[in-house]
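*Asks:* Here you go, one structure.
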Amino acid sequence: MKKEQDSNVTEFVLLGLSSSWELQLFLFLLFLFFYIAIVLGNLLIVVTVQAHAHLLQSPMYYFLGHLSFIDLCLSCVTVPKMLGDFLQQGKSISFSGCLAQIYFLHFLGASEMFLLTVMAYDRYVAICNPLRYLTVMNPQLCLWLVLACWCGGFIHSIMQVILVIQLPFCGPNELDNFYCDVPQVIKLACMDTYVVEVLVIANSGLLSLVCFLVLLFSYAIILITLRTHFCQGQNKVFSTCASHLTVVSLIFVPCVFIYLRPFCSFSVDKIFSLFYTVITPMLNPLIYTLRNTDMKTAMKKLRIKPCGIPLPC
């Protein structure tokens, strides 16, 4: 990497969430619990969907399996490093490690945004056009939609890395965060970053905003349809939509706030970052399965054979 070799900065210092040792120890235990919950919850959903053919053939559960896999991987990008930093004084990350965090965070984050938008469209078709649901959301279309989500995330993340890797770093190297993210890294560059900031805002900020608006529009149409055509279980659907919108808002609102504005340093940014890196990956398994009878029944049918492979009873 020529830019990395030309730069005087070979590592970044992460200021983290707190400088108090007592608070860091408490945060370590708290986020360790969160991380275990994220891994177990999302892994259980992935295994359950894969172990039951009827769930895997359903568009909703097919997308849910991919969402849980993304959340599982997304938490692994930042949380293990954060947990390790809580237990040591020096919190640093190499330049290449920083680029890796940026790449995987934006790859998985953008893929999740696209997938949540696809899932909203899936629910729109299921509720507003139920007679043609299985025809419209056929397996081939579902596969192509998921591939499009992953490809979109890949393209988005590559663009972020290209913008950052070309910047020269020759001075301060402190990031007021618990991981490397584009806004804080760009502000450390020893050059005018106005054009780069505009490109990142256009790439990340507008992406978050457009996906969020599409989601809101889809759920608005769903709610209007439910009010116009009363059907059995309407209250349950309303409640489920409200839960989904809550989780979606916890992902998109912080992203819009962080990326769709000039890159001024706010200490609250790292608090907002916790929502889409820790909180929502932990809440998604609860929100998407707590009210889902089919998923809960399928989980109860899982049994563990002596070899350790989960299979349906």
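Keep in mind that glycine also has a Cβ here, set from the backbone N, Cα and C atoms.
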*Asks:* Is it the case that ASP294 shares a side of the membrane with CYS180, at least as far as the topological domain names in Swiss-Prot go?
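*Replies:* According to Swiss-Prot, which assigns topological domains, CYS180 and ASP294 fall on opposite sides of the membrane.
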*Asks:* Would you kindly list the residues that approach the transmembrane segment (102-121) from elsewhere in its chain, counting only those six or more residues past its ends and only Cβ-Cβ distances under 8 Å?
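*Replies:* Residues 60, 63-64, 66-67, 70-71, 73-74, 77-78, 145-146, 148-150, 152-154, 156-158, 160-161, 164, 179-182, 185, 204, 207-208, 211, 214-215, 218-219, 248, 251-252, 255, 276-277 contact the transmembrane segment (102-121) from elsewhere in the chain.
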*Asks:* For ASN8, CYS98, listed as recorded positions, tell me which one has the smallest number of other Cβ atoms within 10 Å.
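*Replies:* Taking ASN8, CYS98 as the recorded positions, the minimal 10 Å Cβ count falls on ASN8.
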*Asks:* Which range wins on Cβ pairs under 8 Å with the transmembrane segment (197-220): 59-80, 141-159, 237-259, 271-290?
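*Replies:* By the under-8 Å Cβ criterion, the transmembrane segment (197-220) pairs most with 237-259.
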*Asks:* List the helix, strand and coil residue totals of the topological domain 'Extracellular' (160-196) as derived from DSSP.
*Replies:* 15 helix, 2 strand, 20 coil
*Asks:* If you measure CYS190 (disulfide bond) to ASN8 (N-linked glycosylation site) at Cα, how many Å is it?
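*Replies:* The separation of the Cα atoms works out to 11 Å.
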*Asks:* Residues sitting near the topological domain 'Extracellular' (160-196): Cβ under 8 Å, six or more positions beyond its termini, same chain?
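*Replies:* Residues 1, 3-4, 6-9, 11-17, 77-78, 81-82, 85, 93, 95, 97-99, 101-103, 105-106, 203-204, 258-259, 263, 265, 267, 269-270, 273, 277 contact the topological domain 'Extracellular' (160-196) from elsewhere in the chain.
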